[in-house]
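What TrEMBL says about this one:
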REPEAT    19-57  repeat 'HEAT'
REPEAT    96-134  repeat 'HEAT'
DOMAIN    96-277  domain 'Phosphatase 2A Regulatory Subunit A helical'
REPEAT    173-211  repeat 'HEAT'
REPEAT    212-250  repeat 'HEAT'
REPEAT    251-289  repeat 'HEAT'
REPEAT    290-327  repeat 'HEAT'
REPEAT    333-371  repeat 'HEAT'
REPEAT    372-410  repeat 'HEAT'
REPEAT    411-449  repeat 'HEAT'
REPEAT    528-566  repeat 'HEAT'
Amino acid sequence: PCCAIGPPGGADGDDSLYPIAVLIDELRNEDVQLRLNSIKKLSTIALALGVERTRTELLPFLTDTIYDEDEVLLALAEQLGNFTMLVGGPEYVHCLLPPLESLATVEETVVRDKAVESLRKISQEHSPVDLEVHFEPLVKRLASGDWFTSRTSACGLFSVCYPRVSSTVKAEIRQHFRTLCSDDTPMVRRAAASKLGEFAKVLELDYVKSDIISLFTALASDEQDSVRLLAVEACVSIATLLPQEDLETLVMPTLRQAAEDKSWRVRYMVADKFSELQKAVGPEITKNDLVPAFQNLLKDCEAEVRAAAANKVKEFCENLPEDNREQIIMTHILPCVKELVSDTNQHVKSALASVIMGLSTILGKDNTIEHLLPLFLAQLKDECPEVRLNIISNLDCVNEVIGIRQLSQSLLPAIVELAEDAKWRVRLAIIEYMPLLAGQLGVEFFDEKLNTLCMAWLIDHVYAIREAATCNLMKLVEKFGADWAQNTIVPKVLGMANDPNYLHRMTTLFCINALSDVCGRDITTKQMLPVVLKMSEDQVANVRFNVAKSLQKIGPVLEKITLQNQVKPVLDKLATDKDMDVKYFAHEALSGECLPYEYKKLQWSSMLCVLVYARPQLLDSS
């Protein structure tokens, strides 16, 4: 039978082809996983069979066995998109159409979508003649199929074949697309609406005006909101294709209607695409139509719509015509923004907080100080941590406009309050902003207002905060210099070496690791090294093996005589420690490379994990 596949190659006794025979056999196996594995290696089978037998035996067999599990069909649809050279090149690429056509009609959406993706891919490899002879008839069959599944798949194929066929065939394709846009099944109309913009881009301008606009208007008025919202997406593409003088009459009535649609999902889509629509329709229509529409979206009764619109505030304001941008923002947009700052929904406030700082660069220093700073302060004190986090993360925008002095007077008290926020991500955002803040404020102001805060982070109960605080200290020393570190930071860090909490003692070591390079040899040798050496006698093994790691880290900063007389004796002692972890890291520090034996067991915060340490050579030889 045509679907039977014999063993590959010529010589029946060739052992090297046995694995291929197994793969072919697994294509018919009852076990789904085996069939799936074989499908994923379909290119290997095709290579072994050769192009002739792939076309005459493998593809018919695959076409006949389309009724399989969805995951198998998905893998098959993906594989066939890369099969052109395996069937003999572009000349024979049409042989791939039958199995992909069958896959494009199955019930499972992801399989159909993948089949359409592969069909779109191989359509580019058809010659214009083959496209009309083989590919375009397939599109017609799918478009007129009895089941909605085939008709939805057809919607994704019109745009790839339209530019390369004759005018007669183009007319047929346009007619098929019109038919699908008014299909009885909502799923088909939805698929057509999702491809309307893409199809419009390949049509001639006259047909865009005569055909696409009427389809766009009809879909935007569809009884199903899932169809109407997809028409909004197509509006962006259509608007970019039309001359400015046609937009007001052909597009804007439908867009106004969508912005006030009874379904919040449609209004949400308008809000989500607002910046793109704004660029597509131009400044004049934006000023007359889109500004009032945007105001309404910012005041929408549904929180999801307000959040989507709030997210576009900065982008919308940036794209306003420059000659009256400030006046439009101050008169029409800012009053809405002020209302959103105290919105009842936290997602709306969070969306606004992520972009509102950007308004300062658009409105300038005076407007920012008078109108925006009070809003920033209100959001910094918001009960929602996400709102506070978004404001902190964008402080640099405001800093560029009003300067650090004004910023510190207005917002610093709130920032200090947030440094002790219950949510660790908020504290982390403050830490990451601290070097910039410190550099702008200057050393005296920093020591007075923020130094204590930075030291407190080193003993935070969240490791990520302690780690970030350590990096923060290093950046501060880079800004303020080693002398400042010696007098202000180093004594406090070294004082933590006697803390009863072993995690805080380890933080001392982490700080020394970070600070040794920026502080230099003198401070490291005279102040830091004695503390590290003393900590080698700590009762907690985790501290001791971190001593070994610290000695290895700061070693390059120290003089050779110091290494020989002070560091090596301590490492030698740690190398004979009763704890295997301490011994391992001591040996590593002494040798400067991993130990030549397999090592297991690591204790960390009362949890046992298994780690294997081995030389790469040992792994290779095994």
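A Cβ is built for glycine as well, from the same backbone N, Cα and C atoms used for every other residue.
TrEMBL labels come from automatic prediction, so no person has curated them.
Sequence-distant contacts of the repeat 'HEAT' (173-211), counting only residues of its own chain at least 6 positions beyond either end whose CB sits under 8 Å from a CB of the stretch, comprise 136, 139-140, 143-144, 148, 151-156, 158-159, 161-163, 165, 218-219, 222, 224, 226-227, 230-231, 233-238, 241-242, 246, 250.
Helix, strand and coil content of the repeat 'HEAT' (290-327), in residues and according to DSSP, is 29 helix, 0 strand, 9 coil. Within the model, the repeat 'HEAT' (251-289) shows a mean pLDDT value of 91, rounded to a whole number. Taken through DSSP, the repeat 'HEAT' (96-134) splits into 30 helix, 0 strand, 9 coil.
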